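S.K.: A single structure is presented below for examination.
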Amino acid sequence: MAFDMGQEMRMGWKMGLLPREDSQNLQPFDGSLGGQKASAITKSSNSERPFEVDGDTFPDFATAANRACDNQKNKCADAANSGSQNFKVSDCDKQSEQCKSAISSASQQSFSNAVFVGSDGDFDIFCDP
């Protein structure tokens, strides 16, 4: 009888054993005029500038979120100016105001860290808050 490592790892679970993912997006605004969404606000590897938007890092949530709204407005305006869309740049301006309004009322403005809850001798066990 052959040893099936895949079956051993799945241990009866349909999804198997998976590593923890760290892809938390703090973007509070979901408007997407012309299909242009506000960029994701993700955690960077720089502890002094932990917020990242489109490859640029920022020291705080508000600055990062404002950049995401500005980037969305620029993409929206480009689409409006192309003439292939049924909206105007002024509509993009209104959406940008809504995006920036969502920043101050965002319920989550920081990244949650996994909490160590114990160990069973083979594994350290963490929970996401």
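Placed from the backbone N, Cα and C atoms, the Cβ positions cover glycine too.
Owing to the predicted nature of the structure, the values given are computational and were not obtained by experimental measurement.
According to TrEMBL, the feature region 'Disordered' maps to 21-57. If you look up TrEMBL, you'll see 39-48 marked as compositional bias 'Polar residues'.
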S.K.: For the region 'Disordered' (21-57), could you work out the same-chain residues 6 or more beyond its ends whose Cβ comes under 8 Å from its Cβ atoms?
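M.R.: Cβ under 8 Å, 6 or more out: 63-65, 67-69, 71-72, 75-76, 79-80, 85, 87, 91-92, 95, 98-99, 102-103, 105-112.
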S.K.: Let's see if you can do this one: DSSP helix, strand and coil counts over the compositional bias 'Polar residues' (39-48), in that order.
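M.R.: Final tally across the stretch: 0 helix, 2 strand, 8 coil.
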